[in-house]
Amino acid sequence: MKIAALIIVLLSKSVEGQLKWERLDRGIGDAPSPRRDMGFGYDAVRDRLVLFGGKPGPLQDTWIYEFSTGKWRMVTVSSRPPARFSMVSGVSGDFFYIATGEGKNKEFFSDIWRFDLRLEVWEEIPTQSRPDFYSQVEWQARNTTWIGPEPRYGAAGGIYANGGEQLYVALGFSTVRYHNTYSYDTRQLRWHLEYCRDCNSYNPSYPHARCLHAGTMIDKDEMVIFGGCLGGGGSGGPCPAGDSWLFNGKSKYWKRLPDCASPRMYGVMANLPSAVNRRRVVLYGGLDKSDQVIRTNEIKDDQVAVYDPDSNSWSVRKTLPFNSSIPVPSWRASVGMATGKNGIYMFGGINKMTKNPMNDLWVLRGDVTDADKSEQLECTKYFMNYITVHGILMAIGWGFFLQWGAFIARYLKCKNPIWFYLHVTFQIFGLCCAIAGLVMGILSVPFGHVKFVHSIVGIVVMILGVLQPINALIRPHKTQPDESKTFRRRLWECVHHFGGRAGLILALVNISLGVFLAVTDQLIWSLWFGYLCAIVLVYILAESIRGLIGRSRNCKGEKGADTGL
């Protein structure tokens, strides 16, 4: 008996100081209906949770969970925001804020509402109304330069709970995906454009347009985002994505963070309670698979990703059940999460396996110290999607075989006709790779295939590429040295040579655009642009030599062989 008791004590000690899931409410009886994509926050002053809206619906009900009673209650209000889901929300002081979102019949919002946690009433914040500290003349002058975010849903941001005055809205989607980031000053009642008035998806210095990404405020003017969906809506890119970014509102600067967690969309982030001035952010949930994904590390129910702002690093941690008789929550997406006194509260979401919405309430107990003591797991190693395959095939086809096949035809003509057979072989194999890459590219974009530069240029390049072998099949015979070229031969050479060169140059440009669009690692950028520089240098050298020895003499001064080309 003493040995058994000792074992129990040792086991209990071994799991102390780790992140643990505890179920607080099963969602039975008087509770919010099962839902996802709701507004959610924690009222630290009154120690309670507040919830608004979500879907299916969309919904527009308001609920409060009282920890003193352990029960939910619906708030009856005379005025409330329009029904919506996928909004930006958060609590600061005595107010619960919501902004943006999608409503009925694809209606998108850019309004802001706040719920007074003392009086339990909703109020739409009049973004163009005059605050008391402005005169009528001053306010009219300021309104002439008023700006604000386009109506959208699937944005990230929120307001910092500990004294935050700026509500951030970053990226998102309506009919197109947005790059920009705005903040709303809750004192001055004004929007401010924080970043990116004229951004594009080919600049690696900031996050590309996306929606359905996770994000949270980690300080008054600092925000971190992760993943989301970049493809479709006038842009291309991975869907789901696995890149993460840190935004500093003071310096107006985005910084990309190291990769670790599995790519996902519909994930949610929240801060753990701080300890000894240290901070940690938990990334939980999300959908890691889509029609674009070929292979990925499946995320387990007991896994969370933890971001350390102090070292700008990610890790994957294992969580435990608080009560051994109740397992950790089933993996889900689009949950509500909010930082509390003893951990992070999590509500509802959609079950990953059944796709059914839920309404249970959990708490991930622990703080910064507990997160660091939790078992650390490996970062994601295996992820493959159609974009990756598309890029590899296009780099092999247009970047290697078609490029060097054309190089052989221009600079390595000899009496020995082997150059011609190498040229044809390289072109056939390269074009086959390019066609396969085109199929992968089509599969990688959810919708709106021909609405961004990379796809438009890619279609032009493929048309030029496919026309080349067709043009070669109908080529006129090459004239003898003592014969003048026919008009048909001249026309064919013009189309074949200049069409091919245009395709090759545009292909190199488009592959370079694709490297940025796919949000690849810096190593991939370095390898590709190093190779691109090598191609340019080789062409310059070959063209210089060709000019010196004469256009009709190659391969140690021998005249080009008559192959009919």
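Glycine is treated like the rest: Cβ placed from N, Cα and C.
These come from TrEMBL:
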- 1-17: signal peptide (SIGNAL)
- 347-552: domain 'Cytochrome b561' (DOMAIN)
- 383-406: transmembrane segment (TRANSMEM)
- 418-440: transmembrane segment (TRANSMEM)
- 452-474: transmembrane segment (TRANSMEM)
- 495-517: transmembrane segment (TRANSMEM)
- 523-542: transmembrane segment (TRANSMEM)
With pairs 6 or more apart in sequence, are the transmembrane segment (495-517) and the transmembrane segment (418-440) linked by at least 3 Cβ pairs under 8 Å? no
Surrounding residues of the transmembrane segment (418-440) on its own chain - C-beta under 8 Å, 6+ positions past either end: 386-387, 389-394, 396-398, 400-406, 408-409, 412, 458, 462, 465-466, 468-469, 561, 563, 565
For the domain 'Cytochrome b561' (347-552), what is the mean per-residue pLDDT, to the nearest integer? 87
